[in-house]
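In what follows, a structure is listed as structure tokens, so that the remarks can point back to it.
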Amino acid sequence: MPDITLTTLQSLKQSGEKIAMLTSYDATFAHAASQAGVDVILVGDSLGMVLQGHDSTLPVTTAEMAYHVASVKRGNQGALIVADLPFMAYATTEQTMSNAASLMQAGAHMVKLEGALWLAEPIRLLAERGIPVCAHLGLTPQAVNVLGGYKVQGRQEAQARQMRADAMALEQAGAAMLLLECVPSELATEITQAVNIPVIGIGAGGGTDGQVLVVHDMLGLSLTGRAPKFVKNFMVGQNSIQGALTAYVRAVKDQSFPAAEHGFSA
Ligand code: KIV
């Protein structure tokens with residue numbers, strides 16, 4: 001068992017202490033992140049972009065995810081490990097069960113699925129079988145070709161209403177955590193207050209229960225030379241990666257990150 005469990009995350013939500021989450025894809029970074037006090041490590045399919053150099057997360061396979069989860073498990077010092085089920089790995093019930101099992105057996109403590117209301121059924125089936133699920137709403141990068149780009153989601157009132165309803169339905173279905181990506185800050189705060197499960201944000205303002213960033217982004221590393229608006233470079237003012245990771249955890253916990261400039265308006 002990790003030191004941080006679902007029960008810990010629930011009590012952090014209830015006490016108002018913010019949850020610090022960060023991606024890691026290998027043992028060394030998982031060790032450094034967990035030593036810095038990161039509560040949750042996300043083995044994200046963002047590895048397709050930052051490790052493999054693809055222009056989207058779509059090429060990533062479950063076997064690749066399992067390899068990175070196993071590496072992270074070996075370096076982790078007590079954080080809860082969440083792993084992404086990659087593109088089309090949960091298109092059918094059979095695929096969902098078998099691919100989620102692979103990631104859990106590799107060392108994940110929870111799996112993350114991107115989507116909307118249609119996730120209710122896979123979430124219910126996984127939760128009933130002992131696999132906690134984080135539902136990822138808002139900008140869902142696996143659907144970039146449907147969304148027409150990496151754009152803020154939930155700006156129109158109808159879209160916002162739907163996202164609020166989806167969040168509550170997925171909690172009812174058994175989701176253990178929600179992740180909101182690129183959602184107007186006000187909407188993300190409303191959703192966080194409407195559900196009892198922890199809500200983690202990225203580009204979703206400071207009103208969520210916690211924050212996540214891609215580790216390469218917050219260390220100022222980029223293949224394109226451009227960082228998204230919601231990213232802060234935590235290497236500034238630090239002379240080591242360990243220092244930057246510790247500064248990130250401190251800033252999430254003392255709520256100095258994200259600042260208003262890292263969020264989006266409706
Ligand atoms: O894949 C990933 O790293 C993610 C984060 C951007 C939230 O899903």
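The count begins at 1 with the first shown residue.
Quick reminder: no glycine exception, Cβ is built from N, Cα and C everywhere.
Lifted from TrEMBL, the feature list:
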| type | residues | note |
| --- | --- | --- |
| BINDING | Asp45, Ser46, Asp84, Lys112 | 3-methyl-2-oxobutanoate binding site |
| BINDING | Asp45, Asp84, Glu114 | Mg(2+) binding site |
| ACT_SITE | Glu181 | active site, proton acceptor |
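Shown here: features listed in TrEMBL, placed on the structure.
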residue: Asp45; record: 3-methyl-2-oxobutanoate binding site; CB count, 10 Å: 28
residue: Ser46; record: 3-methyl-2-oxobutanoate binding site; CB count, 10 Å: 19
residue: Asp84; record: 3-methyl-2-oxobutanoate binding site; CB count, 10 Å: 30
residue: Lys112; record: 3-methyl-2-oxobutanoate binding site; CB count, 10 Å: 23
residue: Glu114; record: Mg(2+) binding site; CB count, 10 Å: 24
residue: Glu181; record: active site, proton acceptor; CB count, 10 Å: 22
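Recorded residues Lys112 (3-methyl-2-oxobutanoate binding site) and the residue listed as 'active site, proton acceptor' have their alpha carbons 13 Å apart, per Cα-Cα distance. The CA atom of Asp45 (3-methyl-2-oxobutanoate binding site) is located 11 Å away from the CA atom of Glu114 (Mg(2+) binding site). Within the set of binding-site residues Asp45, Ser46, Asp84, Glu114, Asp45, Ser46, Asp84 have a CB atom less than 6 Å from some atom of ligand 1. Taking the mean position of the Cβ atoms of Asp45, Asp84, Glu114 as the Mg(2+) site, the remaining residues of that chain whose Cβ falls within 8 Å of it are Gly44, Ser46, Thr57, Val60, Leu85, Pro86, Phe87, Lys112, Leu113, His136, Pro141, Gln142.
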